[in-house]
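See structure below.
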């Protein structure tokens, strides 16, 4: 007996579902494959004088070029609270300011997405603006991002630091590293000089070299007389008389032979 046509469709439906889920999983994997991390850079803290404009600098780095999908959001966490309020959004060249009273009509766009800049300006900053500011950037497919945090302090003009804290820290660090390098180089030079003095085994000519008394040059007749004056009873092998050059010139290694050499046989009695 043949099975109804509808039964075959019901039997095949689980296989079709498994196939559909496999296709969806593969598509999701392709979509998430191109997702990469986006890096945001902000100063850790800044000081702004009361009643003046403050610039919140935010830079980012992305492997993809910016476009219409790139967006920037700024949030604020008031000092002493855990509540975060979004007060500014920028996308497709448009500014979307929130209705949060402390920032109403105060915030303006100061960045350039083509230059990876997401900075903003806040006019007439007051003490109520003390807190932490959060910069969040999305640049699909770079959507995995660690937002940047800025700790902002509004202070009186009289106590405003001459330089930002991060600048002072950088200068101090550079000075310390420079001094350390200089001291290390000086110590290395001193150490090498001391070792070279210890390894040197030379002597002072004026102190350790005693003068050598040169022997007067003998004439041939004097040499013959010396031979004749020896006792006649002894026996000795050939005797060679030579004269050395003690002049100390450039060619001191050359041996200068005497003008005459006398051989004598002396026999013992």
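Every residue gets a Cβ built from N, Cα and C, even glycine.
Some features that Swiss-Prot has for this protein:
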CARBOHYD  50  N-linked glycosylation site
CARBOHYD  64  N-linked glycosylation site
CARBOHYD  130  N-linked glycosylation site
MOD_RES   206  phosphoserine
MOD_RES   210  phosphoserine
MOD_RES   219  phosphoserine
MOD_RES   221  phosphoserine
MOD_RES   260  phosphoserine
REGION    202-238  region 'Disordered'
SIGNAL    1-35  signal peptide
TRANSMEM  163-183  transmembrane segment
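Known features from Swiss-Prot, placed on the structure.
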residue	record	DSSP (3 states)
50	N-linked glycosylation site	coil
64	N-linked glycosylation site	coil
130	N-linked glycosylation site	coil
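Listed as Cβ neighbours of the transmembrane segment (163-183) (distance under 8 Å, sequence separation of 6 or more from its ends, same chain) are residues 43-47. Taking CA atoms as the reference points, residue 130 (N-linked glycosylation site) and residue 50 (N-linked glycosylation site) are 10 Å apart. For the pair residue 50 (N-linked glycosylation site) and residue 64 (N-linked glycosylation site), the Cα-Cα distance reads 39 Å.
Counting every protein chain shown, the number of other Cβ atoms lying within 10 Å of the Cβ of residue 50 (N-linked glycosylation site) is 14.
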